[in-house]
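The structure appears below as structure tokens.
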Amino acid sequence: MFRSVARSAAGKNLLRRGYATESVPDRKVAVLGAAGGIGQPLSLLMKLNPLVSRLALYDIANTPGVAADVSHVNTRSEVAGYVGEDQLKQALEGCDVVIIPAGVPRKPGMTRDDLFNINAGIVKSLCAAIAKYCPNALVNMISNPVNSTVPIAAEVFKKAGTYDEKKLFGVTTLDVVRAKTFYAGKAKVNVADVNVPVVGGHAGITILPLFSQATPKANLPEEDIKALTKRTQDGGTEVVEAKAGKGSATLSMAYAGAIFADACLKGLNGVPDVVECSFVQSTVTELPFFASKVRLGKNGVEEVMGLGPLSDNEQAGLESLKPELKASIEKGIKFANQN
Ligand SMILES: NC(=O)C1=CN([C@@H]2O[C@H](COP(=O)(O)OP(=O)(O)OC[C@H]3O[C@@H](n4cnc5c(N)ncnc54)[C@H](O)[C@@H]3O)[C@@H](O)[C@H]2O)C=CC1
Ligand SMILES: O=C([O-])CC(=O)C(=O)O
């Protein structure tokens, strides 16, 4: 269904911002885990997004309050809260994009893989419901370990006969957000102008920022590049340690998740040249899933882009991340098929 708002003040504003050409389609977005540390600010940011017409906030507890609160914001979308599994169907039906930040976060001393035992089951059951109630939705997976939860989702969808590799995304945008911020600080350039691709996966050394391709060019010494790479790879841990037991990145993740969901919506709406890094099914390397730049379109992934030229250190980083990433992918596939 399309709502003709092109001639209204809101429509003209959207056109100016390059969001749409003729009309703004109705788009339903669901946030699963909406009452959590990421879920709440992400729900607010999605409420601020003019491309969303219906916003479904789902969690196993506390969603009515979050939904009532967010619903008072005077923007386009209608907000509804859903709580508990028997309301999941209603939350999902008709969704164009489903964002999943459901699951437990890290505490100091833990790796993302330490979250596998709890989050794998959560993701598996949510994806089974997605396959049933909104099989055509684009799925934005935030729950960790992303390197395993994305393969789990793919297996669940394959078993249900609904898998479309163009519609499943691991959200790695926070790695890009961090790489941009840290690079701008070191290179003393305007952060708003910075672009840095981040490839690989979303844990430790599997996060591979390609500072050799960063723009604007700054010709930083190799030791600065090494330090920036390490800080980007350890960005999540930096926040986990600073929060000292009270969870992991929530606000910056909500920001990153909102950027990625907005890119998905723009792609669906036919906005050209929407490119973001994401962990997707891939033939860029020999691994079945890999994060790289992805062009988004009306069906989700339009093109998985290659890595481009790598520096010697990036090439070495690429080779050394492969065994860990491969093991995490295989762990996810095994879990989905055994349980
Ligand atoms: N991809 C990325 O870059 C990042 C991923 N994360 C991950 O996001 C996840 C969520 O983190 P936080 O929001 O900080 O955790 P949180 O504990 O604050 O919130 C999680 C929410 O999920 C809900 N939940 C649990 N089981 C559920 C189910 N079956 N269905 C629906 N909701 C369910 C909980 O009730 C809670 O409200 C963690 O796994 C974390 O590691 C965090 C930061 C960055
Ligand atoms: O580090 C964590 O556990 C959360 C996360 O994925 C991130 O902040 O990048």
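Every residue, even glycine, has its Cβ placed from backbone N, Cα and C.
Features of the protein shown, as given by TrEMBL:
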| type | residues | note |
| --- | --- | --- |
| ACT_SITE | HIS202 | active site, proton acceptor |
| BINDING | GLY33, ALA34, ALA35, GLY36, GLY37, ILE38, GLY39, ASP59, ASN119, ILE142, SER143, ASN144, MET253 | NAD(+) binding site |
| BINDING | ARG106, ARG112, ASN144, ARG178 | substrate binding site |
| DOMAIN | 28-170 | domain 'Lactate/malate dehydrogenase N-terminal' |
| DOMAIN | 172-335 | domain 'Lactate/malate dehydrogenase C-terminal' |
Quick check for you: of the recorded positions GLY33, ALA35, GLY37, GLY39, ASN119, HIS202, which have their Cα within 10 Å of the Cα of ASN144 (substrate binding site)?
ASN119, HIS202
Cα of HIS202 (active site, proton acceptor) to Cα of ARG112 (substrate binding site): how many Å, rounded?
9
With the Cβ under 6 Å from ligand 2 as the test, give me the qualifying entries from the binding-site residues GLY39, ARG106, ARG112.
ARG106, ARG112
What whole-number distance in angstrom separates the two most remote CA atoms of the NAD(+)-binding residues GLY33, ALA34, ALA35, GLY36, GLY37, ILE38, GLY39, ASP59, ASN119, ILE142, SER143, ASN144, MET253?
18
Could you state, as a whole number of Å, the largest distance between Cα atoms of any two of ARG106, ARG112, ASN144, ARG178, the listed substrate binders?
18
DSSP-derived class (H/G/I helix, E/B strand, else coil) of GLY39 (NAD(+) binding site):
helix
In three-state terms from DSSP, label ASN144 (substrate binding site) for me.
coil
For ASN119 (NAD(+) binding site), which DSSP three-state class applies?
helix
Would you identify the secondary structure of MET253 (NAD(+) binding site) according to DSSP, in three states?
helix
